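Peer 1: There's a structure below that I have some questions on.
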Amino acid sequence: MNIMMVQNISFLSLHLLLILLLCLRPLTTVADGNSTNIDGWCDKTPYPYPCKRYFIKHSGFRLPTQISEFRVLLVEAAMDRAVSAWDKLTNSSKNCTDFKKQAVLADCINLYGDTVMQLNRTLQGVSSKTGRRCTDFDAQTWLSTALTNTETCRRGSSDLNVSDFTTPIVSNTKISHLISNCLAVNGALLTAGKNDSTTGDSKGFPTWVSRKERRLLQLQSVRANLVVAKDGSGHFKTVQAAIDVAGRRKVTSGRFVIYVKRGIYQENLNVRLNNDNIMLVGDGMRYTIITGGRSVKGGYTTYSSATAGIEGLHFIAKGIAFQNTAGPAKGQAVALRSSSDLSIFYRCSIEGYQDTLMVHSQRQFYRECYIYGTVDFIFGNAAVVFQNCIILPRLPLKGQANVITAQGRTDLFQNTGISIHNSIIIPAPDLKPVVRSVKTYMGRPWMMYSRTVVLKTYIDSVVSPVGWSPWTKGSTYGLDTLFYAEYKNIGPASSTRWRVRWKGFHVLSKASDASAFSVGKFIAGTAWLPGSGIPFTSEL
C-alpha cells in the first residue's frame, strides 16, 4: 500500500466531518437576536474586533444570556472559521508545485484538520444540547491544542526558508484570535467555578470516558494483537504496517497492542488522527529501536522530521527507543513528536540532538524515560509531566550551548507547560569529558508565555549557575511574561543564589504552589493513569 493510500484511509473520517461541516455552515444559526447586541459580549474578550466582525456577517444567532452560552457561540464561530481555513489550504495545495511549499501545506492541512476536530470535541463537550460531557479543564486543553496547531502551521515556512505564504491564505479567517477568545471565556468559567481538573465519576474517571474505555484503562495485563519482528517471525516486519492495520479498525475504543520484538527498525512512524488506543510494547529501550534521519536541513519541516509522529488518542509506548540520527549539523531533527491526548511513555529512550522531543500538544506523561539532546531538545506546547526521568544534554556543535527546554505557550490562558518532577539532569557520556567548556541551561522562552517548572530534581553541575537563558543573547523577549520556577531541587547546580533575576522566574517555597504542577493537578493524571499498569506519583 503506498503512502497516499494510507493517508486517505487514515483521514477518511476527518474528511467526512469537514465536508459535513462545510455543508452545514449556513444552517448553524437560529433566527433570534442581532449583531449589535453582541458587542457587549465581544468587548469582554481579548480580541473584540474579529468577534464583532464575525457576528456582523453571521447575524442569525441567538443572543446569549449567560457566559456559558456565549462560550458555545465563540466555539461555533472558531470552528466555522477553522473549516474555512482548512478548505482554503486544501484548495491551495491542488495548484502548488513547489516542493517545499507542498511540505508546509501538508503539515497545515493536517494541523487545521485536527483543529476542527478539537473545536468540535469542545463544542460537543460543553453544549447544553448534547449534555455536558467534559470539564472546563478538558475544554481548555482541547482549545489550547487548537491554537497550538495554527502556530505550528505558521512556523513551517520559516523551517524551510520560504516566505510565509500560509498566513495570507488563512488571514481573513482570524482563526487564532477567535480561538484565543474561546480560551479566555472558557478560562473565566474555569476560574470562577474552580473547576477541578480531575472531575469525574465516583471511580475517578472523566465523564467523557465511555464504559468500554474505563474497562480498558483498568486492564493490568495485555495480550498482543499483532507482533512485529525483523526476522519474519511475527505478523509484519515493519512497525508502520502493524499501525496501518490498527488504523483500519471500525471500532477504535478498545486497546490495540502491538508487540515489537528486539531489533533496529529504520522507518518513520505515523499514528494518525482517529487511530486511537494504540499500545507499542518493545523488549526494552536498549533492544527495540525505531530510528530515522529526517531533518530540516534535509528538506523536512520540524513537525514532519519526526521519526515517530503520534496523533491518535490514548497512545502508550513501553520499552522502546525512538532515535533521530541526523546529527547535530542537520539542525532541527525530531525523534518523537506527540500530539496524543492522555498519552504515556514508560521506560522509553528518546535520542537526538536539536529538537529531540516535540511535546506538541495535549496531556502527556513520561515516566522513567531517558531523553538525550542538545538545543531545545524538549520543546512544544503540551501539558506534560516528566517523572523519574533522566535528562542528558549531549555534546553540541562547537560554539553552541545546550538548552533543555523551549516551551511554546503563546496565550496566557493555555493550560500548557513542562513539569520536570523527581528527575535527574546529568551530562551524556559524550559531553562529560568536556562539560566545563559547554554551557547548558534548563530552558529559554520560545514563546511569550513559556512555562517550565523543575521540581525536586537532581541538577548536576552540567547546568550553568544562572539556570536559564534568554532566547538569544541580550534579548528581553518573554522575560517578564514567562513562568519559570524551581522547587526543592538538589545537586551541585540546584542553588538558586546565582539564578537569573527575571520578573518571570520564581523560586517556589510553598508546597501548595508547586503542587499545581503535579501529575494529579497539572495533567489530571489521577483521572486516567490508574489502572494503566504504569506507576506514577500523583502529588509531589
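Here, residue 1 is simply the first one shown, and the rest follow in order.
Including glycine, each Cβ sits where the backbone N, Cα and C put it.
Here's the feature list from Swiss-Prot:
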CARBOHYD  N34  N-linked glycosylation site
CARBOHYD  N91  N-linked glycosylation site
CARBOHYD  N95  N-linked glycosylation site
CARBOHYD  N120  N-linked glycosylation site
CARBOHYD  N161  N-linked glycosylation site
CARBOHYD  N195  N-linked glycosylation site
REGION    225-526  region 'Pectinesterase 60'
SITE      Q354  site 'Transition state stabilizer'
ACT_SITE  D376  active site, nucleophile
Peer 1: By CA-CA distance, flag whichever of N120, N161, D376 among the recorded positions is nearest to N95 (N-linked glycosylation site).
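Peer 2: Answer for the nearest of the recorded positions: N161.
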Peer 1: Relative to the Cα of the residue listed as 'active site, nucleophile', which of the recorded positions N91, N120, N161, Q354 has the closest Cα?
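Peer 2: Of the recorded positions N91, N120, N161, Q354, Q354 has its Cα closest to that of the residue listed as 'active site, nucleophile'.
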Peer 1: Enter the number of other CB atoms within 10 angstroms of the CB of N95 (N-linked glycosylation site).
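Peer 2: Other Cβ atoms within 10 Å of N95 (N-linked glycosylation site): 6.
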Peer 1: For the region 'Pectinesterase 60' (225-526), would you mind checking the mean pLDDT of the predicted model?
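Peer 2: That region's mean pLDDT is 98.
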Peer 1: Which entry in the list of recorded positions, N91, N120, N161, Q354, has its Cβ near the fewest other Cβ atoms, using 10 Å as the limit?
Peer 2: N161
Peer 1: Please report the three-state DSSP label of the residue listed as 'active site, nucleophile'.
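Peer 2: In three-state terms, the residue listed as 'active site, nucleophile' counts as strand.
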Peer 1: Including all protein chains shown, what's the count of other C-beta atoms within 10 A of the C-beta of D376 (active site, nucleophile)?
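Peer 2: Result for D376 (active site, nucleophile): 24 neighbouring Cβ atoms inside 10 Å.
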Peer 1: What's the CA to CA span in angstrom from N161 (N-linked glycosylation site) over to N120 (N-linked glycosylation site)?
Peer 2: 33
Peer 1: Cα distance, Q354 (site 'Transition state stabilizer') to N120 (N-linked glycosylation site), nearest Å?
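Peer 2: Rounded to a whole number, the Cα-Cα distance is 34 Å.
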Peer 1: Can you tell me the CA-to-CA distance separating N91 (N-linked glycosylation site) and Q354 (site 'Transition state stabilizer'), as a whole number of Å?
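Peer 2: With distance taken Cα to Cα, Q354 (site 'Transition state stabilizer') is 34 Å from N91 (N-linked glycosylation site).
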